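Here the structure is laid out as structure tokens; the discussion comes afterwards.
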Amino acid sequence: MGYHIDEASSAIPKKPKRNKYAFMCAILASMASILLGYDVGVMSGAAIFIKRDFGISYVQQEVMTGVINLYSLIGAAAAGRTSDWIGRRYTMVLAGIIFFLGAILMGFATNYAFLMFGRFIAGLGVGYALMISPVYTAEVSPASSRGFLTSFPEVFINFGLLLGYISNFAFAKLPLHLGWRFMLGIGVFPSVFLAVVVLMMPESPRWLVMQGQVGKAKKVLDKTSDSVEEAQQRLADIKEAAGIPITCTDDVVQVPKRSSHGKDVWKDLFLHPTPSVRHIIIAAVGLHFFQQASGVDSVVLYSPTIFEKAGIKSDREKLLATVAVGFTKTVFILVATFLLDRVGRRPLLLSSVAGKIISLLLLGMGLTIIQHHDHVRLTWAVGLCIATVLSDMAFFSIGMGPIAWVYSSEIFPLKLRAQGASIGVIVNRMTSGVVTMTFLSLSNAITIGGAFFLYAGIAAISWVFFYVVFPETQGRTLEDMEGLFGNLLWRFSKQRKIERNDVGNQVQLGTNGEV
């Protein structure tokens, strides 16, 4: 009788537990994103003291603050091909080494030009890290938890941001010529830590297959999949995408000549894209553009300036308020990691943008009211500005922030993934660079309140774009993604209901374990 009960119960598969090995790989890979977060966070406060020490203008300040985003474009553009050449893992090591050199140069800078050269080197490392971290994480993650795991880069960006804010607050009392140098120079420690821990990770199974190392890829997939069957299916899908016969069982094979290292991959992306690839490019580029054009990095980088305009005058109080910004972003990105594979990408993204629109409108209103009553301290308006800065960060972090990296790392076909993801990073950093390098000038031209009204308008346009263009990718394998795209007006397509039901069935299967 006992044997019969065991047999019956074993016939009903249970929902697989989260793969701990894939979880650890994702954490280690995502640590590369700390580099960007720390630089952005620390520069928001260090800029106050650098301006006083070097006597630079506000234009030089905004260029110094935001230019690393443009410098990172070079690193992001090179990272796609570099990662196809030396592998995803060693590309992350390279990112850490480059950022280490940049942090050293910034910490010892003796003038503005020297400091800008250090930011150029650091920007290259940031670009490499931003591109490769989400790609690697997506390639090792099982479909059941890919949204959760590929949101980790954004988690670590926010963790790095918080560390930068804390560094500002901690070193603010040092002499003027030392404080900001410690703030920037201490960035060597996360870069060294990254270069060491990455060596503990396995190489991406998809990259291994592209190199013909099928045996090694199988070992990685066996460890990072929820079941033996899933590992076999993932390997078969990758082999098919790489042009290797599925029936081939050799550990080392000759891979058919591919376009990943040549010019054909760019032709496939831009000159002769299929309808699906064209839709994917528009979705990825649009997502990264609107993520930054709605002004998030202006809030992150210039939060001390915003709080000063809101009526907070003390340096320590401004820096302490920025710590609250970093803490809010970190907490809500952690919440988002648990919702991505449960709620789905679309609902989180649309809710996030809607919340940002309201927050930005209220922030613009509060700053405008304070500006028109500059001789009277309006406590309620100061409180409104602080609250809306925090709510803007919370809504961004719960959807728009992580989904940009999750979505763009999972939707591109295998042979286009590295370069496709690098395009997303390039658009993201270019837009961020333009926004952050013009924020002070924009605020002087149309008032700081007007700047946030403008960002709210851009966010409203982005909501319509996401609603119309974005299909849901929750529960899909990476090799299945291309089939979701091809109709730009996806929201109104006759296929939408079919695709939504299909995804719903997959989620139901994963939840109930039905066959």
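A Cβ is built for glycine as well, from the same backbone N, Cα and C atoms used for every other residue.
Curation plays no part in TrEMBL annotations; they are all automatic predictions.
The annotation transmembrane segment is assigned in TrEMBL to 21-38, 58-78, 90-110, 116-136, 148-166, 178-201, 319-340, 352-370, 382-407, 445-470. If you look up TrEMBL, you'll see 25-474 marked as domain 'Major facilitator superfamily (MFS) profile'. Annotated coiled coil per TrEMBL: 214-241, in sequence order.
Counted over residue pairs 6 or more apart, the CB atoms of the transmembrane segment (21-38) and the transmembrane segment (148-166) come under 8 Å in at least three pairs, which marks the two as touching. Taking pairs at least six residues apart, the transmembrane segment (382-407) and the transmembrane segment (178-201) share fewer than three Cβ pairs below 8 Å and do not count as touching.
At the 8 Å Cβ cutoff, the transmembrane segment (352-370) and the transmembrane segment (445-470) share at least 3 close pairs (sequence separation 6 or more) and count as touching. Here the transmembrane segment (178-201) has Cβ contacts under 8 Å with residues 25, 28-29, 31-32, 34-35, 38-39, 42-43, 45-46, 49-50, 53, 89, 92-93, 95-97, 99-100, 102-104, 106-109, 118, 122, 125, 129, 160, 163-164, 167-168, 171-172 of the same chain, all six or more residues outside its ends. Within the model, the coiled coil (214-241) shows a mean pLDDT value of 87, rounded to a whole number. Across the candidate stretches 58-78, 116-136, 148-166, 445-470, the maximum count of CB pairs under 8 A to the transmembrane segment (319-340) is reached by 148-166. Contact between the transmembrane segment (148-166) and the transmembrane segment (445-470) is not supported, since fewer than 3 Cβ pairs fall under 8 Å when only residues 6 or more apart in sequence are counted. Here the transmembrane segment (58-78) has long-range neighbours at 36, 39, 43-44, 47, 50-51, 95, 98, 112, 115-116, 119-120, 122-131, 297, 301-302, 422, 425-426, 429-430, 432-441, meaning same-chain residues at least 6 beyond its ends whose C-beta is under 8 angstroms from one of its own.
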